[in-house]
Every structure is written in C-alpha cells, then in structure tokens.
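*Asks:* Dropping a structure here in structure tokens format, bear with me for questions.
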Amino acid sequence: MNAYAILAQLLELATALVMAPILVGWVNQCRAWMQNRSAPPLLQTYYTLNKLFHKEVLLAHNASSLFHSAPYIIFSCMALAAAIVPTLSTDLIFSPAADAIALVGLFALARVFIALAGMDVGTAFGTLGARREMLIGFLAEPALLMVFFTASLISQSTSLSTIVETLAHKEIAIYPSLAFAGVAFTMVSLAENARVPVDNPTTHLELTMIHEAMILEYSGRHLALIEWAAALKLFAYSCLGIALFFPFGIPEASDPLSLTLAAIILVVKLAIGGFLLALIETLSAKMRIFRAPEFLGTAFLLAVLAMLVHLLLRA
Amino acid sequence: MTLAYLTSSAFASQLINLCAAILLLLGFAMLAQRRVLSLINLFMMQGLVLCTSTLIVAITTHQPHLYWSAGLTFLLKVLALPYILHRLIRRLSVKWDIETLLNIPTTMLIGIFLVIIAFNVAQPISLLSGTITRATIGIALACVLLSFLMMITRSKAVPQVIAFLAMENALFFAATSATYGMPMVVELGIALDVLVGMVILAVFFFQIREQFDSLDIRHMEKVHEE
C-alpha cells in the first residue's frame, strides 16, 4: 500500500470513464466500415452524452423515487466494476477488498435496478424488456462465474490481481482450459452487453429489443448516465477479457513509467478487441429470443468443460 | 522462450493437451450442430487437429511410423472423406436442418455427464500409461462417448455416418495418446476399412432413399420380410 497504488487506482477509474465512450465509438465506427456505411465520428458517444446532459428530464407522472435514483446507482456500479478490473496495474488499493465474485455481484446489482426501473413506470415495453433482461441475466451469470472459477483454479485465488499476476508473469504455459473459458466468456459478454446475436443495440424494434426496451422512459441526464454506464460495462467486460486471457503487458508495479507503457498496450489491445467485436456483430445475425437460452446454455457448458479439462490435465 | 524449450517434451505435451481440448470442443460443436454442411466441415477440422497432434507426437518421440499415420490421417480424413461427403450431400440434396430426437440443450447436458464419466474412468488407466500424452486418454474416451451419443440422438442417416467417422477419429486419438499408435499394418487396415465402409454406406444412402423417399432411418424399423 503506497501512494502509487492510490494513484494507479484513481488513474484507472479516470481511464475507464474517459475511454469507455471512445471504445463504443470505435466499435460503431468499425461496424459502419464493415457494413459499407459512412462511419460516425469516434467521439460521437461524447456528443450524444453532452446533448443529453443539457436536455430537460421528463418524468412519467407515476414514476417513483426508484426511477430517479436507478441511473445513479447503475452508473456507480459500473464505474466501480471498471475500477476493480486490473487494466493498468495489478497493484491497486481495491484489489484486496473486491474479487471476481464481488464483480459479478456488482453487475447483478446494476441489473436488478435497471430491471426494476424498467418496470416502475408500468409501460408494456419496460416490463417486457425487464423480463427478457432477467432471463438473459440468470443464464449468463452462472456461466460468468464458471469462467472466473476456471481462472481461479489455475491461480488458486479469486482475486483478479492475483489471477492476472499468475497468468501474466509466470513461465509461459498453454492452458487449454482457458481456451474453453475464453469462448464461454465471449458468448457471455455478447449477451450481457446487448450485442448482436442476442440483442441489437442500435434498433428500437419492439419485438427484438431487450436493453433499449427498459430505458425507453428515460430522458435527459438520466438517459445520459445509463448510456455512459452501458459504455462502462462494455469497457469493463473488454478489460476483463484482456485481464483473463491476454494479460501480457499489465505491470505489477505502479510507477509512472510502467503505467504509461501499460496504458499504451491497453489502448492497442482495446482497439483490436473492439475491431473483433464489430467483426462478430457484422458476421452474425440476431437470433430469436428463444434461442438465447440455448446460446447461453452452450456458454455455461463450455465454462464447465473448462473446469473439467483443467482438473484432468493438471496431473 | 528459448529454442530448447520449444522442442522440449514439456512444451510438446502442452501442445498435445491443447489439441485434445480442441478435439473435445469440436465434439461438442458437432453434437450441437443442426446443419449437415457445417457438420462435415467440423469433421474436417477434427481430422486436421488429429493430424497435427499425431505429428507433434511423432516429432517428440521420433517414431517413424507416426509420420506415416499423420500423413494417412491428412489424406483420408481431411481430404478424401469430406470430399466424398460433400459430393454425397449435394447429390442427395440434404443440406437442410437435421432432426434430432432430443433437443440440443438436453443433449449437451447429457454430453457433460458423459465427459465426467469418461474422465473418472480414464483416471486409473492413465496412471498405468507411461507416454507423454497420458493425460489425454480421458478426453479421447469422452470424444468416443460423445460420438456415440450423437449416433443415438440423430435420426437421419448422413449425420449418423459422420458420427461414426468421428468416433473412429476419437479411437485413433486414444490409441496415439495411450500407446503411441497401433502397428502400421493395423492402422493401414483401419484406414482402408473406413474408406470402404464410407463407400458402402454411400451406396446404402441411395438405396434407403429410393426405398423410403427419405433418409430417416426410423423407416427401416418397419421393414418386414415378405
């Protein structure tokens, strides 16, 4: 525990807040290029956020206090989640306090509040979206936990910092179980971030939307906070993927030089990750909502297989 | 990472473990696959992984006959059989969805149980073996059981045959991982058997379809001697 650890933690939080909208912009840009459309600017998400923050908040007559407070809770959950994931350094002040399971809990807390807020006003779409979100959530959560457990079995700890240190700084070894877990994690993050095979983030088509249906009633700064939180969630999941499966280049120390180097590596990795996400989204078609349980069931199965394979091959 | 490490047996056994894991993954992918065309492509990938792992074992253990068997695997399972199957489904025009007897998630869950059983059964066997690949016996056994499951749950003839071929792949992998492969004569014999079996089954497909206007083998249960 030193001043640098606090600095690294603050820097990481700031990086997450600043980079998350850019990451979303980058994914949208890549997607537009691949689909032969003219791309929106990289900072488009910032312009949207800025516009929304300056707009007036319109509320339904029967909106309760839960509806007002939900955006703030969701935003703080996601900001905290993004701060827990080690991106710039593994020497963080949060790392002894919050491990991978706490992270899943944070995501679950945000999900409960967004679903409740969706149901609060009582419109049909909000309820529909909330129910679908909970369906996806209850299937995705165990799979995500299993992915974490696989990484924990390898490193003998559920603390994310220890996992990253074990995977990144030990002698190079190939973990087949991590390959399974990686595929499972990709499927879970597509579902959790409302991406194409499960949900389409750009459409407002009644029958298919999940995430957008829940936030239809929000406007102004509330909507801005929720949009920003969604960007933060995508950022947190991308960083988790990097931390678990491509941790090379995340330093253990947190002196200014290694932090700078880590930041450059992070940007490069995120750019590649965002490009791959856009590629997946372009290549796959959105599936029917009733296929989603099968999709997430497969993710769960792969994650369980990862654990089994690890137990078998360890000998 | 030095060159010495890259050629050491520790690194090779890790690569073989990776191949085994990919084989298992492909086994599950085949179990979950609904389309015949993708099934054949998965079968081809399985052959390729098998060929790679045999090659790695051959290089690390300096067993000359394993080079031959890797080459044979490549010719037969990556080139010849998928080609025959592709031609077959084009001539039979059966690229559409496969009917499964159980729904896919249930099949996958049963598959997980099979994997657990296979891993437990293989644990004592692998202790007896002294090869660098002994940890993969469990995975090879699991792949065999998964192919069995696929043969049971599919009602059409073509997927059943692909499952049969996948089982042969898994058995071959088990042989390589347990004992560095069977003698050359046995391997050549099996390879020829698979090829001839494939040709005979292809003739059968046409006969079945001519007789029943469908490739659903449930029709065959109703056949009586006149």
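If you go along the chain as it appears here, the first residue is 1 and each next one adds 1.
Quick reminder: no glycine exception, Cβ is built from N, Cα and C everywhere.
Okay, so TrEMBL annotates it like this:
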- A:6-27: transmembrane segment (TRANSMEM)
- A:72-94: transmembrane segment (TRANSMEM)
- A:100-122: transmembrane segment (TRANSMEM)
- A:134-154: transmembrane segment (TRANSMEM)
- A:174-191: transmembrane segment (TRANSMEM)
- A:230-250: transmembrane segment (TRANSMEM)
- A:256-280: transmembrane segment (TRANSMEM)
- A:292-313: transmembrane segment (TRANSMEM)
*Asks:* For the transmembrane segment (A:174-191), name the stretch out of A:6-27, A:134-154, A:230-250, A:256-280, A:292-313 with the most CB-CB pairs under 8 Å.
*Replies:* A:292-313
*Asks:* Do the transmembrane segment (A:230-250) and the transmembrane segment (A:292-313) share at least 3 Cβ pairs closer than 8 Å, excluding pairs fewer than 6 residues apart in sequence?
*Replies:* no
*Asks:* Can you say which of A:6-27, A:72-94, A:100-122, A:134-154, A:256-280 has the most Cβ pairs under 8 Å with the transmembrane segment (A:292-313)?
*Replies:* A:134-154
*Asks:* So if I exclude everything within five residues of the ends of the transmembrane segment (A:256-280), which remaining residues of that chain have a CB under 8 angstroms from its CBs? That is, six or more out.
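*Replies:* Sequence-distant neighbours of the transmembrane segment (A:256-280): 8, 11, 15, 19, 23, 26-28, 30-31, 34, 87-89, 186, 190, 195-197, 235, 238-239, 241-242, 246, 249-250.
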*Asks:* Please give the sequence-distant neighbours of the transmembrane segment (A:100-122): residues at least 6 beyond its ends with Cβ less than 8 Å from one of its Cβ atoms.
*Replies:* 60, 62-64, 66-67, 70-71, 73-74, 77-78, 80-81, 84-85, 129-130, 133-134, 137, 141, 144-145, 148, 151-152, 158-160, 163, 192, 213-215, 217-218, 226, 229, 233, 240
*Asks:* What else in the chain is close to the transmembrane segment (A:72-94), if you only count residues 6 or more beyond its ends and a Cβ gap under 8 Å?
*Replies:* 1, 4-6, 8-9, 11-13, 15-17, 20, 102-103, 106-107, 109-110, 113-114, 160-162, 164-165, 225-226, 228-230, 232-233, 235-236, 239-240, 242-243, 250-254, 258-259, 262-263, 266
